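Features of the protein shown, as given by TrEMBL:
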- 105-123: transmembrane segment (TRANSMEM)
- 135-154: transmembrane segment (TRANSMEM)
- 175-196: transmembrane segment (TRANSMEM)
- 202-224: transmembrane segment (TRANSMEM)
- 231-249: transmembrane segment (TRANSMEM)
- 264-289: transmembrane segment (TRANSMEM)
- 301-323: transmembrane segment (TRANSMEM)
- 343-366: transmembrane segment (TRANSMEM)
- 371-392: transmembrane segment (TRANSMEM)
- 398-417: transmembrane segment (TRANSMEM)
Amino acid sequence: MLVVADLIHAFCVLRGLLGKGVDLLKQCREKNGWHWDVAGGASTATLSFLGFCTAFDMREAQEVQLHIMDQEAKDQTNSPQHTGITNQCSTAPPQTRSYRRWIRISVYTVFLLVGQTVALLLGRLYFVKGGNSKWMATLVQLAGFPVLIPFYLISTTKKPRTDDSQIKSPSIKTLALVYVSIGLLVAADCFLYSVGLQYLPVSTYTLICASQLAFNSLFSFFLNAQKFTPFIINSLVLLTISSILLVFNNESSDGTAGVSRAKYAIGFTCTVAASAGYGLVLSLTQLCFNKVMKRQTFKVVVDMIIYQQIVATSVIVVGLFASGDWKGLTGEMDGFEMGKVSYVMNLVGTAISWQAFAIGCVGLVFDVSSLFSNAISVLGLPIAPVLAVFVFNDKMGGVKAISMVLAIWGFISYAYHHYLEDRTKKRYADEVSKAPIPET
């Protein structure tokens with residue numbers, strides 16, 4: 001029935017066009033004295049008119065096709081999981097913008113990988129050499145935000161882009177709600193990570209942290225409309241199995257002298273919970289960038305880091321004094337095996353490393369997506385266990401080795417998904433750029 005209706009509609013349109021054409025020809029004949037032989041077919045004037053109509057219709061069809069393709073591109077690139085990629089409006093050529101974007105991504109990646117690896121090793125060193133305060137270990141993850149103030153001052157001196165200045169800024173209440181809510185989640189998450197790092201070997205700890213990519217994908221599915229492809233599903237399954245294998249690990253005391261099975265279980269549980277919380281924080285951060293901030297400036301990235309860490313640091317400081325751990329910090333410094341200076345340098349180095357990680361992590365969420373940022377973080381997790389074998393004499397048994405292979409395989413599967421996605425977008429962009437331009 002729909003086909004018949006479409007045919008009738010097309011016939012009516014064609015009939016109307018032919019009627020108008022005939023009327024126009026009659027007017028031209030009356031005005032200019034044209035005549036034609038009906039029996040001999042259409043005259044030159046008629047053919048010219050029909051040729052003009054055909055050319056006009058073809059140009060109109062091309063314009064409509066290009067408009068549809070452009071609209072589809074906008075719909076695809078304006079989706080939540082790609083907002084950070086496509087909103088890079090600039091007067092520079094597309095190729096130049098692409099180079100600049102990949103340079104930014106490379107810098108953020110280096111910050112994330114180096115900061116994460118150094119922070120994990122220094123954090124574990126703190127507990128191995130005599131540190132015992134979980135609140136202090138958590139505080140150094142957050143209290144280093146003052147080192148970002150110079151970056152903040154630099155970002156505020158830059159003139160905003162035209163498209164950014166036209167975007168309405170969110171209200172102070174909205175921003176306060178965002179920073180406070182995410183800051184509270186970050187505080188709880190960092191504390192859980194500290195408990196896990198105290199009771200688990202670095203190798204086991206980092207392999208469990210690989211599960212954060214699975215949690216991030218799950219939360220992104222609900223919060224950021226992340227689509228699940230076979231490669232993403234494969235990655236999630238592999239990372240989940242990688243973490244589950246560590247439940248059957250019997251080497252609970254390697255590199256963690258004096259840790260009982262109960263404390264090992266507590267550390268395992270806290271690390272899994274922290275990985276879930278980290279995935280939620282990244283997904284919420286991307287959601288806030290896309291729906292609340294909406295600005296494409298480095299200042300937005302620094303604001304998100306500094307303000308949420310001010311909230312998280314305040315919470316941890318309250319916990320430090322409320323728990324009474326602050327009373328034992330002097331004795332902890334005196335009893336540190338590497339000396340007082342090394343104790344202070346360890347805490348300062350850990351704080352700076354976590355801030356480097358924060359810049360890289362939030363920067364990748366801002367410029368690409370929370371899933372991409374998490375995937376890069378998972379890529380760097382195997383670096384720490386390898387170094388921990390030499391630094392802390394951690395054992396790398398068969399279960400851990402298989403778990404590491406599965407974690408790397410899961411990351412490769414996810415990275416290949418991104419490769420195919422970028423190649424498809426590039427091919428589509430080339431097709432649009434090569435489309436014929438309609439004549440005016």
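Any Cβ shown, glycine's included, is placed from N, Cα and C.
Model, not experiment: these values are computed from the prediction.
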Check: Between the transmembrane segment (264-289) and the transmembrane segment (343-366), are there three or more C-beta pairs closer than 8 Å, counting only pairs 6 or more apart along the chain?
Finding: yes
Next item on the list: Considering only the recorded stretches 105-123, 202-224, 301-323, 343-366, 371-392, state which has the highest number of Cβ pairs under 8 Å to the transmembrane segment (135-154).
Entry: 301-323
Check: Counting only pairs 6 or more apart in sequence, are there at least 3 Cβ pairs under 8 Å between the transmembrane segment (301-323) and the transmembrane segment (343-366)?
Finding: yes
Check: Taking a Cβ cut-off under 8 Å, which residues six or more beyond the ends of the transmembrane segment (105-123) line up next to it in the same chain?
Finding: 137, 140-141, 194, 197, 202, 205-206, 346, 349-350, 353-361, 363-364, 367-368, 373, 376-377, 379-381, 383-384, 387-388, 391
